[in-house]
């Protein structure tokens, strides 16, 4: 078993002829969290979509747990222990809480046990199983999203801008949940964030993406990291 | 009055069975399967072959369902799947297929009108009126089919997965759902249901190579005003089918034949979502 959860090697990708990512290389050690920060339009979501197989890689390689998954279809990645939490249209608003959570597993066996596990973090989910997800508050929908991603106990979690528009109390709660999961299981996380405080509070490493390239990277506990990131975000 | 009411209900049942396969395919694939009418015609000829071989007429609908599903599986793999990313081409391809099917049936069976033995005949006394037993059985089949498909969609994992693909295919794929497999299965089910409808219609109508064309037009308009909702389709079949019966009975049968198409077009002009929830 590889101790590298995700390795991206010189990845170039984009939409049609328009290249958004250029020669991006990143690595996540098993059990670690990598936060990708950057301003809007710098290629963060494109990176996640390419990793997930929604966009083709023009060149470069994506490996998960030692296996080359470049161009692998999205539904096959879920079978390899990858959970993806997209930024937009991330839940099924017409489905109930229960139905949304069921889709976090490949079948209904073990559903109740998985629900019990995530309901420890988000008790409202167990109490409002029959409620339409679209009628939950914005914060509750984000919690549902994280809960669904954790249902299958994934090995690699890809999260896109989970804190956008959330109250600080909800952000703190999500930090607590992710820390608990990281401590309990061999979970690795790729976090796309604009909320630098959230990103640094939970990540082991960071990378700054600007105009489709990694312009800074390192450990989050290195001195002056917050300043370095803020400089890049401010320009 | 009772006869009129039963006519409305049984016509709605007929329209529902004819349209449900088209709705299922449209919901998942986002394309109108213009070969739906051809699958219906295939069902009619399967019924002709089954009864012609002196098997029980009751055997015709399940055999037609299987035959339609089998042919649908081949069509999906060979014609529709390569065109997933080109929906307009997929629609044109199914239209072309329907023309080919009509020609092949004409070559095999001739242009002439043919008739299929009915599994039951005569009328029964219901609510003080004598009414066709077969039409009432047809209505019963429509209700059972509607409940079965509704239950499948609402209460099973397969239904949940199919609805997920209908509502947000990319999200469904990211959750590990093989949307290609869901598309394949829904096309097979849709084609099978179209052929089932064709076989069930044969005791009421004659069989000829173009029998699916008229039904395709009505089914198309009913699906257009129903979106992807089974409940909306039931409502559309009762309202528009009812209007067709009323106009045919009290006005002109030719005008009655145009009713569904005209009313659906007007409805879509006034309310683009039709009977579906906005």
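Heads up, the Cβ atoms here are built off N, Cα and C, so glycines get one too.
Worth saying up front: this structure is predicted, and the values here are computed from it rather than measured.
Marked as transmembrane segment by TrEMBL: B:6-27 (among others). Away from its own ends, the transmembrane segment (B:6-27) comes close to residues 33, 36, 39-40, 126-127, 129, 131-132, 135-136, 138-139, 141-143, 145-146, 149, 162, 166, 186-187, 189-194, 196-197, 200-201, 204, 215-216, 218-220, 222-223, 226, 228, 230, 233-234, 237-238, 240-242, 244-246, 249, 260 of its chain (Cβ-Cβ under 8 Å, at least six residues beyond either end).
Note on the transmembrane segment (B:34-53): residues 18, 21-22, 25, 59-61, 63-65, 67-68, 71-72, 75, 91, 94-95, 97-98, 101-102, 105, 109, 114, 116-117, 190-191, 194-202, 207, 209-213, 215-216, 219-220 of its chain, located 6 or more positions outside it, place their CB under 8 angstroms from a CB of the stretch. TrEMBL lists B:34-53 (among others) with the feature transmembrane segment.
What TrEMBL records for B:59-80 (among others) is transmembrane segment.
Taken from TrEMBL, the feature transmembrane segment covers B:92-113 (among others). Listed as Cβ neighbours of the transmembrane segment (B:92-113) (distance under 8 Å, sequence separation of 6 or more from its ends, same chain) are residues 31-38, 41-42, 45, 48, 75, 79-80, 83, 206-210, 212, 216.
Annotated transmembrane segment per TrEMBL: B:133-153 (among others), in sequence order.
Residues or ranges marked as transmembrane segment in TrEMBL: B:181-205 (among others).
Per TrEMBL, the feature transmembrane segment maps to B:217-243 (among others).
Residues or ranges marked as transmembrane segment in TrEMBL: B:250-270 (among others). Under 8 Å from some Cβ of the transmembrane segment (B:250-270) lie the Cβ atoms of residues 15, 214, 217-218, 221-222, 224-225, 236, 240-241, 243-244, all in the same chain and six or more residues away from its ends.
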Stretch of maximal Cβ-Cβ contact with the transmembrane segment (B:217-243) [cut-off: under 8 Å; candidates B:59-80, B:133-153, B:181-205]: B:133-153
Chain residues in Cβ proximity to the transmembrane segment (B:59-80) (below 8 Å; excluding those fewer than six residues from its ends, i.e. six or more beyond): 29, 31, 33, 35, 39, 42-43, 46-47, 50-51, 90, 93-94, 97, 116, 119, 183-184, 187-196, 198-200, 202
